[in-house]
Amino acid sequence: LSLLLTASLYCMEGDTDLQFLLVGGDLLKVRSSSWKKTRFYKLQEDCQTMWHESKKTFKFNQTFSIKDISVVRAGRQSEGLRKNTEEPVEGRCFSIIFKGRRKNLDLMASSEEEAKQWVTSLEKIMSNMENLNSQQKTEHWIFNCLRKADKNRDNKLSLKELKDFLHQINIEVDDQYAEKLFQECDQSKCGHLAGDEIEHFYSLLTHRQEIDTIYGEYAKTTGFMSAENLLEFLIKEQREEATLADAHRLINKYELDDKAKEKQLMTQDGFLMYLHMPEGLVLNPTHKAVHQDMSQPLNHYFISSSHNTYLMEDQLKGPSSTEAYARALIKGCRCVELDCWDGSDGEPVIYHGYTLTSKILFKDTIKAIKEYAFKTSDYPVILSLENHCSVEQQRVMAQHMSSILGSALLTSPLGDQMPTDFPSPEELKGRFLVKGKRLTKLEACFGPEETAGDDGSLTEEEEDDKEEEEEEKKKATEGKKLKLAKELSDMVIYCKSVHFNGFQDAKDNLGFYEMSSFKERKAMALAEESANSYIHHNVDKLSRIYPAGTRTDSSNYNPVPLWNAGCQIVSLNFQTSCNDMDVNQGRFLTNGKTGYVLKPAYMRDLGSEFDPITLTAGPWLQHKTLHLMIVSAQQLPKVNQKKTSIVDALVKVEIHGVPADTADKETPYIENNGFNPMWNENFKFDVYVPELALVRFVVEDHDSVTDNDFVGQFTVPFTSLQMGYRHVPLLNKEGDPLPSAGLFVHIMIMDA
């Protein structure tokens, strides 16, 4: 259990960056302009946990795990460092940004060289950890649990330490079984396990009977799989259109034993390695990259969209932060919301009006958006403006967007003639589009200006982007019209906000670029009562949906019925972890995580008769039967961190789609085993509209008294499922991977 073993898992043995972190050093921790204190930081020997030491108390505190870091940013890029440090120390500063809601860690080194070393070293170890394959992650996790169980650090395991270890990895066993396992491994009969005995214990622990069975059925060449045997497995079980060359490629890629590889044989270890790799996962690996036609008009795509993007928590008193924009954009969000109000010193601010939420500067927000807009996806970002500013500060907004975003900001239609349709995401790569009010028709860009039909003002009654509750407050408080600055108006090109007066009015009187925003409740009613009309409306125009104003806790709504009606911009509170955000993440999991997913052909056709409610016959009706076996789970995390608490694991499978497809089923729970529970439970689902269906795998910890506790989940589009024996990676409630946890399933999809 030496450091050498852990380091070798990272392929960083002897690496100078790793050694730098293991030695550690003093850093200045910055919380405010007056709170800046020296802390000693170092990487623990497990190579995954950072500790800090207070110089005053000499008290050690475990601060964070490397796997909890989202990104390390060099310089004064965080709000805290920009606010609490001066520009001359730019090169000495860096920030550690965490996944989930944990606050940033702002730090300052003694020199620019040292700051660069910290950033480089942390990024390298993060990259190496990220690039570990599933088998390596499992080994790393188990060996770290072994290290923790080895209380006296003698690199040996006593019977008591072995029992503690089993609890850590989420297995409850009776004393008799633990003693039997211990005696079987204690070949030296000295009362503890060491060296090869620990390795033998590890082999017994990680042995998977289900893999034995599958491998044994196809390993017909002197106990191993030949390329021909593997090809038979790929065709018969995995239902792949594979060739012998594919089988040879997999052996060369994943076989661990060099002698077996020379003979073009696959051992059981190599076979398990393949099943943990992208080719063996539930998600079709060809769908991970951009695989859809990105040259269709913009409104022919579902677009990943955020509501109240500036909020980190609730919308009554929660903090606003530019960090919230960075996090949403890194998650692939392509439409962000900016709620703009007059600020002091002539600088507009962003916050949730008439509440106690904190304020951030508009210009800082635009800078953050520019910084992170295209790190995950190259495709266009829509800036949805909720404009409450005076004309003077609207001009400041326009100036900031122009100066900060530069040529990336779209300020005129593409081409030299008045367009009749949206440009495509491909044509708009790397560009920013502004959504908001506009004084004139878009045609004015190509001829004499045409007014909007009134005094160019922006009345509160026309603002369909606002919650009813807010409107009442604003009417009472303001009782007047808000004027619109021409400079800001002219930046609105393809996303002009207009009031919705019905589908027929929109068809007769609105241009393709004129779009409406719908309150959740109104949109749901239209999707249920007039779904086909809504689909036709969205063939020609864009629609944005936003949560009800009563959701003061920043909760979310189910986006699926709105996607079923062809709505493109279904905005959710990205800061809130919930089932609806899981489904949203699953919808945009494929196509390179670009934030754009092409709608089915029958939702891009003005003559379509598709109605997700009545579901009459048509090309959308492709009745499939999904046969699904939940075989087993591996290395589920403990939900309750108490030493004696063990997960009672169960699996739910949910189908999200049109009403006829919506269904869920669950396995029985396995008591006291979160390490390797096995079910072999079979489910059958009928799926009528597969192109709109999503499959969600959910693992829970059973509780007979209260609601079950969430353990992990994975949501995948039905059309991106791979058939056969597949591993399903699991994500935590924030949507980040659980390092070694997963399900093992068998999938068969047949024409009904």
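Cβ coordinates are placed from backbone N, Cα and C, and glycine is handled just like the others.
Annotated substrate binding site per TrEMBL: 29-56, Lys435, Lys437, Ser517, Arg544, in sequence order. Sequence-distant neighbours of Tyr41 (substrate binding site) (same chain, six or more apart, CB under 8 Å from its CB) are Gly24, Gly25, Asp26, Leu27, Met50, Trp51, His52, Thr63, Leu107, listed in sequence order.
Long-range Cβ contacts of the domain 'EF-hand' (137-172) within its own chain (Cβ-Cβ under 8 Å, at least 6 residues beyond either end) map to 1-2, 5-6, 9, 45-46, 48, 178-179, 181-182, 191-194, 198, 201-202, 205-206, 634-638, 643-644, 646-647, 671-676, 739-740. Annotation source TrEMBL lists domain 'EF-hand' at 137-172.
For Ser188 (O-linked glycosylation site), the same-chain residues that are 6 or more apart in sequence and have a Cβ closer than 8 Å to its Cβ are Ala194, Glu197. The O-linked glycosylation site annotation in TrEMBL covers Ser188.
Summarising the annotation, TrEMBL assigns active site to His307 (among others). In the shown protein chains, 26 other C-beta atoms lie within 10 A of the C-beta of His307 (active site).
Taken from TrEMBL, the feature Ca(2+) 3 binding site covers Asn308, Glu337, Asp339, Glu386. Within 10 Å of the C-beta atom of Glu386 (Ca(2+) 3 binding site) sit 23 other C-beta atoms, taking all shown protein chains into account.
Around the Cβ of His352 (active site), the number of neighbouring Cβ atoms within 10 Å comes to 24. Under the heading active site, TrEMBL lists His352 (among others).
The region 'Disordered' annotation in TrEMBL covers 447-478.
Note on the domain 'PI-PLC Y-box' (488-604): its mean pLDDT in the predicted model is 96. If you look up TrEMBL, you'll see 488-604 marked as domain 'PI-PLC Y-box'.
The Ca(2+) 4 binding site annotation in TrEMBL covers Ile646, Asp648, Asn672.
Feature annotation from TrEMBL assigns Ca(2+) 5 binding site to Asp701, Asp703.
Of all the recorded positions in the record (Glu45, His307, Lys435, Asp648, Asn672), the one with the smallest CA separation from Asp703 (Ca(2+) 5 binding site) is Asp648. Put plainly, the binding-site residues Ser33, Asn672 were compared by Cβ crowding within 10 Å, and the winner is Asn672. Sparsest Cβ environment among the binding-site residues Thr49, Asn308 (other Cβ atoms counted within 10 Å): Thr49. Highlighted in sequence order, His307, Thr309, Tyr310, Leu338, Ile350, His352, Ser384 have their Cβ within 8 Å of the centre of the Cβ atoms of Asn308, Glu337, Asp339, Glu386, the residues recorded for Ca(2+) 3, and are not part of that set. Each of the binding-site residues Lys29, Lys37, Lys435 was scored by other CB atoms within 10 A of its CB, and the lowest score goes to Lys37. Checking Cα-Cα distances from Glu386 (Ca(2+) 3 binding site) against the binding-site residues (Lys37, Lys435, Asp701) with a 10 Å cut-off leaves Lys435, in sequence order.
Checking each of the recorded positions (Asp339, His352, Ile646, Asp648, Asp701) against Thr49 (substrate binding site), the C-alpha distance stays within 10 Å for none of them.
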